Amino acid sequence: MYRQKYLFLLPGLIALTAIILFPLIFTIRVSFSGWDVYNPGLSWAGVKNYVRLFEDTRYWSALSRLSLLAISTVLIQYVLGFALALMVWKDVHARRFFRVLFLVPMMTTPVIMSVIWRTIFHESLGPLNPLLDAIVLGGQPWLSSPGWAFAAVMIVEIWQWTPFMFLLLLAGLLSLPSEPYLAAKIDGAGPVRTFFSVTFPGLAAISVGALLIRLIEASKILDTVYVLTSGGPGEATETASYYIYIRGLRDFQIGYSAALSITYLVIMIVALTIIAKLMVRFLVKGQS
Amino acid sequence: MTDLTQSAALSRSEPEAVPALRPGLIAKYVFILLWSAFVVFPFLWALTTSFKDANGVTNGATWLPWIQYRPSTQGWSSLFGGAGGTDITRPYLNSIAVTLGASVISITLGTLAAYGLSRFTFRFGWMRNADITFFFISQRIMPPIVLAIPFFLMLQALGLLDTLAGLILVYVALLMPIAVWVMVDFFNSIPRGLDEMAWMDGCDPVTTFVRVILPNALPGLVVAGMFCVIFGWNDFFFAFTLTFTKTQLLPVAIVALNSSVTPWWALSASALISIAPLVLLAFLVERFLSKGGLAGAVR
């Protein structure tokens, strides 16, 4: 009778392994080849690509730019998402309306919204600069200056993904038991004390999960950058994925882009594992 | 089982008594309204832009039709083959087919695997259940760019490049980890006693799963389905690299509009109509959230 257990697991496991494993092994093999426009095919080039990669400053700055972008936007999303979840948790008029509204950006297609955002950031025809002028902040060269282009990418990422944090944290808030709140009230704890002693610890586990999922997804940023800035101006918004895209699918340096991909993947896995361990230690200590 | 869910629902009901910060109340509403404005800003802009023509756009940022610019339906008519845009009927149907096809396959395979992992013990070499579950979920870490070129060659070898079937195959790898992630947790929250009762009544595992467990897993299936549909419908990169012109999906068709002389009106109209179905999904998500159905699934 327990033979049947394989009927459950194996179809999915085999399908996923078949679809993922071939590309992964193939990429590793290609990364040791000199495959490019002039020499297509799996010639053996040794570790040439990996040596080149270590001297490629554009790659390393794309990686550090990606880390800055991912960590800063995810933290902002977390803080904003948490604040929004707390605000529509209870005692608010029309809270179901606001809950739906706050979820909407997450449902929209990132590239399609980026196309819209591009028109919003347009320096002369877009609506953002007139608005900023009106509230005396002044218009900015959004997509043509390095700093503002980076800020534009951040704004779009925050708009798109704060709802995800909001969703998970609100679901967590709604599943909190009410007894500790009664206890806190009886003990005379104020709202701030109640938040740090009851609410935040109760959401620590779900916070770690939400932050990790978002960091994983943010480390892959490509769509938004592709549409909004094409990595520019210059290389000001070029993320690791976008740089690999340029090397692989624009310049057609297949072998080199494979080496970049494998390095990128390894760095991501190592970094995310360390971050996960640290977060579990500092945020969920003393709990399950 | 009904007793269990009811008592769970009771203890999860929203706590009533937390003192509200009176002085902060205004600040709270200001914050909520500011964020709401930020959320709706791109949608309102797209809506008003979709009724402009070339003149309306080049006159600078205007919001009010009739008063600030002369409205035109050019943008909307271009969606169905009118001038200055692109016919998005085919891409729309393609997107629906790929999203639904890949979601159904991913949820079927993912739910089966999740049930297996939740109820039986497996060992493949050094890999135990937790490792196998992690293997499934960890596929989400894989950046699309790493897989793009091998996928291209793989689909080429299979003759599936630029076809719906090829895209569905790739999207299954993208979506199945989500289905497994949601469903393993969900099955773990269904008491094992339920299975054991069915076994004692003489059901084999497959019958137990289909007749007893699956009906109880409906909320989890809805959540898994929602996430699969969101991530499937919204993907751009694979649709972009693995198709040319025969099998265009919606995001690709719309981004293609962006490249040449940008017809903002057609762009806005097509953007609005392609995000519309999933925006409606937000209502479903909220209903689940309020009933506490999401809490179990996202933990």
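Including glycine, each Cβ sits where the backbone N, Cα and C put it.
The transmembrane segment annotation in TrEMBL covers A:7-32 (among others).
As annotated by TrEMBL, domain 'ABC transmembrane type-1' applies to A:63-275.
Taken from TrEMBL, the feature transmembrane segment applies to A:66-88 (among others). Counting residues 6+ beyond its ends, the transmembrane segment (A:66-88) has Cβ neighbours under 8 Å at 95, 98-99, 102, 150, 153-154, 157-158, 161-166, 168-170, 172-173, 195, 199, 203, 207, 210-211, 214-215, 218-219, 221, 239-241, 271 in the same chain.
The transmembrane segment feature in TrEMBL is assigned to A:100-120 (among others).
TrEMBL lists A:148-174 (among others) with the feature transmembrane segment. The list of residues near the transmembrane segment (A:148-174) in space but at least 6 beyond its ends in sequence, with Cβ under 8 angstroms from a Cβ of it, reads 65, 69, 72-74, 76-78, 80-82, 84-86, 88-89, 99, 102-106, 108, 110, 113-114, 117, 121, 140-142, 199, 202-203, 206-207, 209-210, 213-214, 217-218, 221, 224-225, 228-229, 232-233, 236-237.
Within the same chain, residues 70-71, 74, 77-78, 81-82, 86, 161, 164-165, 168-169, 171-173, 176, 180-181, 184, 189, 272, 275-276, 279-280, 283-284, 287-288 sit at least 6 positions outside the transmembrane segment (A:195-216) and bring their C-beta atoms closer than 8 Å to a C-beta of that stretch. According to TrEMBL, the transmembrane segment annotation covers A:195-216 (among others).
Counting only same-chain residues 6+ beyond the ends of the transmembrane segment (A:254-280), those with a CB under 8 A from a CB of the stretch are 27-28, 30-36, 40, 45, 49-50, 52-53, 59, 63, 67, 208, 211-212, 215-216, 219, 240-241, 243-244, 247-248. Feature annotation from TrEMBL assigns transmembrane segment to A:254-280 (among others).
Long-range neighbours of the transmembrane segment (A:7-32) within the same chain, counting only residues 6 or more positions beyond its ends whose Cβ lies under 8 Å from a Cβ of the stretch, are 42, 44-47, 49-50, 254-255, 258-259, 261-262.
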